[in-house]
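Look at TrEMBL and you will find 86-129 tagged as DNA-binding region. Under the heading compositional bias 'Basic and acidic residues', TrEMBL lists 362-371. Annotation source TrEMBL lists domain 'Homeobox' at 84-128. Per TrEMBL, domain 'TLC' is recorded for 131-332. The region 'Disordered' annotation in TrEMBL covers 340-371. According to TrEMBL, the transmembrane segment annotation covers 38-56, 136-155, 180-198, 264-293, 299-324.
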Amino acid sequence: MFQTFKEWFWLERFWLPPTIKWSDLEDHDGLVFVKPSHLYMTIPYAFVLLVIRHFFEKFIAMPLAKAFGIKEEVRKKIIPNTILENFFKCSTRQPSQADIYGLAKKCNLTERQVERWFRSRRNQERPCRMKRFQEACWRFTFYLIMTVAGIVFLYDKPWVYDLWEVWNGYPRQPLLPSQYWYYILEMSFYWSLIFSFGSDVKRKDFLAHVIHHLAAISLMSFSWCANYIRSGTLVMIVHDVADIWLESAKMFSYAGWKQTCNALFFIFSAIFFISRLVVFPFWILYCTLILPLHYLEPFFSYIFLNLQLMVLQALHLYWCYFILKMLKRCIFMKDTHDVRSDDEDGYGEDEEEEEEEEEEEATKGKERDCLKNGLGANRHLILNGQHGR
């Protein structure tokens, strides 16, 4: 049964233009062509990237974060409470006022103590700025390396300057070593992001990130197997060039450099709009949707490729909407912290709660000092009074 499905899945009419056979893409005369088996290497390379990331975050990102003034946070330990812990894990992290009243009765605590316990418990799971900075630093470094590598790989390729060359000779286009490594490293990186979801910062859009990474891997895998390598490299460089600015903005946001963060975010927004809303539809989509019709009759993989790219363009418009909302808040409300924390990481509320808790502790500390000072003054008066008598 599996063999039957495999033979059906790799039918030439699904992947290749009419009259083209898989045998036409076999290696010959020193020319190497893409093979689906090449993609198996992305999994072990993904684990290699995870190892590299571990040492990078420990020996490069962490010292850099400390140089920016980001300290490792020491969370205050909470008093263990089985009833509250079970409610936190099994019911909700944000209990209603009625829940707080009932839990306070069960635990023989005040409602204020229950509220503070839940606030502290939520803050325990909130990732510290150090961890978020390390993750952003790793992604920034990888995107920067791949952007530079993409430019080096593509600057002398004729299809970058003449889009007709993307389809010249398709699909009998040999695989270059630079194309192989560009593709394999990009796919390995997205696999590594999926493998690290369990330990990375949990965000509100966790599911959206999973879908995005799987969609990226699916698109790259499909374009590899159907030998759309030339157009695929153009798609990757157009996307990587904007991501480096977003990750750098996050780094400076976590470091508290608001003006630098805002400047980088404006640069990211400009590059995003140009690359995703101008270059992608009027250059990439034009190349993949219109130009092939001068060479080939429409076939399945051509249609499927362009459907995926048009879905990707729809996502660009979706993300553009949220970027415009952020820019509006940056320009008119002068407030980027909420955007970065609430919208992107989903921890703005807990950060505010932690600040409130710290302020409360500071207030209590001042009250204790006032009481001590007041008591000391009273004792002094009493002593003076006794001395007078």
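Glycine residues also receive a Cβ, built from the backbone N, Cα and C atoms like all the rest.
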DSSP-derived helix, strand and coil totals, residue by residue, for the DNA-binding region (86-129): 32 helix, 0 strand, 12 coil
PLDDT averaged over the residues of the domain 'Homeobox' (84-128): 86
Close approaches to the transmembrane segment (180-198) from elsewhere in its chain (Cβ under 8 angstroms; 6 or more beyond its ends): 38-39, 41-43, 45-50, 53, 142, 146, 149-150, 153, 206, 209-210, 213-214, 216-217, 220-221, 224, 229, 232-233, 236
Sequence-remote partners of the transmembrane segment (38-56) [C-beta within less than 8 Å, at least six residues beyond its ends]: 137-138, 141, 180, 184-185, 187-189, 191-192, 195-196, 221, 224-225
